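To start, the structure itself, in structure tokens.
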Amino acid sequence: MNNKIALYCRSGFEKECAAEITEKAAQLEIFGFARVKENSGYVLFECYQLEDADRLIREIPFREFIFARQMMVVGELLKDLPPEDRVSPIVGMLVGVIEKAGELRVEVADTNESKELLKFCRKLTVPLRSALREQKILSARENAHRPVVHVFFIAPGCCYVGYSYSNNNSPFYMGIPRLKFPSDAPSRSTLKLEEAFHVFIPADEWEERLASGMHAVDLGACPGGWTYQLVQRSMMIQAVDNGLMAQSLMDTGQVTHNRADGFKYEPTRSNIYWLVCDMVEKPTKVTQLITKWLVNGWCREAIFNLKLPMKKRYEEVVQNLAMMDEQLKENGINADIHAKQLYHDREEVTVHVRRIWSGAPGRRDERY
């Protein structure tokens, strides 16, 4: 009975993920209940009506989720798969449910316990893929435009089987982009900004929106983890921080170091495209700072991190995003605002804002 959806999330953030899916489902007048097991790395949402699970994964835009890394419709838990034939029961769950899917992903939750199953998942994938193709459940070749079959193992011999839609899911295995830490980067935080680019900016827009020669500002830049990503894309960067910047970045000639407080700094040039900010400060204070930059027209796009409190983390994020949205609208500014708890985030979320410049008289056009 496929009336459930499974959502992957960061271990320890199951309650936030559950609150989010419950709220978004209710907005569509779809009702059910979330099953939460702490530190499991996933949430199940069981709908009261049978067809509603499929409707949820079609109608809730995946990019609007903050805490969910992936979402899929699943059936009942398959338990005690026979060691001599694990494939047949899985295939049986999908017969009549989906046809000619474009991809198979045999996955686990992102926890230390579950990762021990990854080797088994890789081993199972090849025979399972062949069997699914034989039954026409999977297309003969991978197809990025067709649904994805998910087999989600929660324990040895126990899995959920289901599907997601490729136009409304995470394109990444386990919902996690695989990024390699560059050995010459000043800090591991560099991966947060790189992942944010992958998550928030479509690949076919990188050349236009992450273009060589753009001007950028990094508030709270030291030692330069986020500045590094901008340097790699041949931008010119104002790095704002009272601390020391990595000499390797200064040697590129692309970075100007402003020894100043990121909350007090005001730009001196008018053609800044990107603002990035990863400062350890209260979420409200950071949100107000970025909003000020957007209202003043000091930047076109911004990526920033919000450090989360110990309690009411989902509410905190929602309140800050709503506050920003309201203040921008009060100033007649259109903007796209999205937030995500990235794989490389910890007790924090990353927010992306893109200002959509109006063609009103006296306002700068969006082309610099």
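From the backbone N, Cα and C atoms, a Cβ is placed for every residue, glycine too.
Quick caveat, the model's predicted, so the values are computed rather than measured.
Under the three-state DSSP scheme, Asp241 (S-adenosyl-L-methionine binding site) falls in the coil class. Sequence-distant contacts of Asp241 (S-adenosyl-L-methionine binding site), defined as residues of its own chain at least six apart whose C-beta falls under 8 angstroms from its C-beta, comprise Leu219, Gly220, Ala221, Cys222, His257, Asn258, Arg259, Ala260, Gly262. For Ser189, Cys222, Pro223, Gly224, Gly225, Asp241, Asp261, Asp278, the entry in Swiss-Prot reads S-adenosyl-L-methionine binding site, with the evidence type sequence analysis.
The Cβ of Lys307 (active site, proton acceptor) lies under 8 Å from the Cβ of Val280, Glu281, Lys282, Pro283, Val286, Glu347, Glu348, each on the same chain and at least six residues away in sequence. Marked as active site, proton acceptor by Swiss-Prot: Lys307.
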Spatial neighbours, same chain, of Gly224 (S-adenosyl-L-methionine binding site) - Cβ under 8 Å, 6+ residues apart: Pro186, Ser187, Asp218, Ala239, Met245, Ala246, Leu249, Val255
Assigned conformation of Gly225 (S-adenosyl-L-methionine binding site) - DSSP reduced to three states: helix
Fewest other C-beta atoms within 10 angstroms, as judged across Pro223, Gly225, which are the binding-site residues: Pro223
Position of peak Cβ density within 10 Å, selected from the binding-site residues Asp261, Asp278: Asp278
